[in-house]
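Student: This structure is in structure tokens; I'll ask about it shortly.
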């Protein structure tokens, strides 16, 4: 175990690929390079607000001392760090956006963890880079706390995700227009240090394809395969890579749907080549079950990134990745074949997951129709998703009359439920459960493992932000503990529906990309 300021950091990425070493932060196009060397911009008063002991243990890091906090806030780097900002492009809301890059993220290099894996350390909110597009490269406490807590919460939920080591306040005010409506205001600034094996995105390949840089794209593919997909061997390595990324992406989206997570901004520059959840912005968990729910105000006109559309968007994004890799593949029909097979791969994973949520002993051929009808009922009745599945675990063997069933689930309804539809669906479900070859206890255990009892709803995060901005970190500390056991009853003070006051409140139901 070592302190961060003494930790040996390796610079595998910058030593492997061409970069712009000028240290010039002027916004510009950077053709022919994968990164620009940059330094974080110091802040006035970095103060540690939160520290993930679990992530620190994974990285082999001691509890932070003042020298470490200076690094976490972006005021200095240790002698082995060679910070950089990555160059990538992306499709945003379905449209090509050109060069984007790390506009407020600065990677410090790679840290060897206790598991002998290397983890990329990245500061978010540590100042401008050549990719900041004339912005300040900063982040506010509001968005930084959300990223810190949700990164860790998703890990404990069992969802593939980046992690977060620390949350540091900067002592500086940051000007932000939260809803892009002309009402800008100063907010307290903060920096998050986030952690992942790599932050390579679909967009890293898109920028190289757009610039027709075949050699560099092939080099990046080879690097990703060697480090993160060592099982890939033989011919068609790029096709194999695409297939592996597609499968991991399907896994990730299925896990999002399992816990009711809505990413909110699934642009291709926010899609990880490792299939982990990346870039926590205007995200949300669903409260009432609504496939059309999007937490992102920018997404409201078309609801492109709505809860129920995430699998389709992932497919579309994979199509953009296939296009970016096509000039490396002599027989592009092989990429097309992988993409065509994605829907079958996704559906198999999805229905298997749903069988676990519902406590089935196994996924049988006719279960898919039952699952589809079950979800149709949820879309109509719109119960609180988290609470509904928890109540379902304790459903009596004989659910009783339509009135009995409605009363059983009454605590999770936001509006008057369709009693007949609910009863018909629950009766069919109960009939199927009785055919399980496993015991009721085993079935219930499967359901408890698949259905979280506590999720970080936006109104809870909003309360934590408001308190922290006033100097009260008690709720933050409580939530840091609650998120570690989301399948237990430890956080049952929050086993309630979203309060009425939060239904239309900014920061609870309405969010934006402003951070």
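Don't overthink the numbers, they just go from 1 along the chain as shown.
The backbone N, Cα and C atoms fix where each Cβ goes, and this holds for glycine too.
Quick paste of what Swiss-Prot says about this protein:
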ACT_SITE  269  active site, proton acceptor
BINDING   101, 103, 104, 124, 136, 137, 194, 201, 279  ATP binding site
BINDING   270, 279  Mg(2+) binding site
Student: Should residue 269 (active site, proton acceptor) be counted as helix, strand, or coil on the basis of DSSP?
Tutor: helix
Student: Could you tell me which of these binding-site residues, 104, 194, has the greatest number of Cβ atoms within 10 Å of its own Cβ?
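Tutor: Of the binding-site residues 104, 194, the most buried by Cβ count within 10 Å is 194.
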Student: Just give me the nearest neighbour of residue 270 (Mg(2+) binding site) among the binding-site residues 101, 104, 136, 194, 279, Cα to Cα.
Tutor: 279
Student: Using a 10 Å radius around its CB, how many other CB atoms surround residue 269 (active site, proton acceptor)?
Tutor: 23
Student: Compute all pairwise C-alpha distances among 101, 103, 104, 124, 136, 137, 194, 201, 279, the residues listed as binding ATP, and give the largest one in whole angstrom.
Tutor: 23
Student: Among all protein chains shown, how many Cβ atoms are found within 10 Å of the Cβ of residue 279 (ATP binding site), not counting that one?
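Tutor: By my count, 23.
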Student: At the Cα level, what's the spacing in Å between residue 279 (ATP binding site) and the residue listed as 'active site, proton acceptor', rounded?
Tutor: 9
Student: Around the Cβ of residue 101 (ATP binding site), how many other Cβ atoms lie within 10 Å? Please give the count over every shown protein chain.
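Tutor: Step by step: centre on the Cβ of residue 101 (ATP binding site), count other Cβ atoms within 10 Å, giving 26.
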Student: Just how many other Cβ atoms lie inside 10 Å of the Cβ on residue 136 (ATP binding site)?
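Tutor: There are 17 such Cβ atoms around residue 136 (ATP binding site).
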Student: Given the binding-site residues 101, 104, 136, 194, tell me which ones have a C-alpha lying within 10 Å of the C-alpha of the residue listed as 'active site, proton acceptor'.
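Tutor: Qualifying among 101, 104, 136, 194: 101.
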Student: Can you tell me the three-state DSSP label for residue 194 (ATP binding site)?
Tutor: strand
